[in-house]
Amino acid sequence: MAGLSLQHPWAFTFGLLGNVISFMTFLAPIPTFYRIYKSKSTEGFQSVPYVVALFSAMLWIFYALIKSNETFLITINAAGCVIETVYVVMYFVYATKKGRMFTAKIMLLLNVGAFGAILLLTLLLFKGDKRVVMLGWICVGFSVSVFVAPLSIMRRVIQTKSVEYMPFSLSLSLTLSAVVWFLYGLLIKDKYVALPNILGFTFGVVQMVLYVVYMNKTPLPVADGKAAGKLPSAADEHVVVNVTKLSPGRLPPVTQMAAVPTKSCATEAAAPATLPSRDVVDVLVNRHSPAVHVT
């Protein structure tokens, strides 16, 4: 038990530290879900990062159980499974029907289909060390794809010169987590734990450099407000009005419509501005919520 044995004090230290940092990172989305709970709506937030994080935790637990003697990997990823499951359940409760259907499809495809296929293939087609090697490379490949995900956010920061959706604290915690887990994997001689965290450290440093460069920059004006992840204004909303609900009967003939009294410009200016009736308002908001990857 290299992870917990006091004969390897540095491995024990970095494994324990990695658990603490990663656990705090798992808790980072709590403000997001508190906001969802208060508003009773998922607004523009997406469920994909949490479904992916749950799948990642499941993979690493399976790897740790197959390899054995990887207690620290089991503890943190078991905690991750519980936390991410709570997030996904909350998303289901407050999401729209379309959002729930989309989340259900992703979970069936990834957490049930893909994970089930990996489990069966590795158990049926491989034995002994070959099973560990195959599962280890699968975990590395998926971890790399998760670490590449922040590229879209970094591109947005460069385009908009705004760091609103790339908080420094999160970038710092992910970087520290990558360093700690890399050292842990190095000390226990597990390349599958160490390798993906090299990429994680690299992207973390790049994110922090971008934050320092753009933190005091004036954000570029965006025409539609959506590219920067902002909530669109009333003028940007796509409004579909069901005309048949405006009147219980059919529309009046043209002669009747012509008899509607007109208002002068002064009268319109003095009257309080009112918004037209909206039956359907479709607002799309891109909100960054980075997936948390723990090895």
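Here, residue 1 is simply the first one shown, and the rest follow in order.
In case you wondered, yes, glycine gets a Cβ from its N, Cα and C as well.
According to TrEMBL, the transmembrane segment annotation covers 12-36, 48-66, 72-94, 106-126, 132-153, 165-187, 193-214.
Counted over residue pairs separated by six or more positions, the transmembrane segment (132-153) shares at least 3 Cβ pairs under 8 angstroms with the transmembrane segment (48-66), which defines the two as touching. The list of residues near the transmembrane segment (193-214) in space but at least 6 beyond its ends in sequence, with Cβ under 8 angstroms from a Cβ of it, reads 73, 139-140, 143-144, 147-148, 150-151, 153-154, 157-158, 161-163, 166, 168, 171-172, 174-175, 177-179, 181-182, 184-186, 293, 295.
Ranked by the number of CB pairs under 8 Å to the transmembrane segment (48-66), the listed stretches 12-36, 106-126, 165-187 are led by 106-126.
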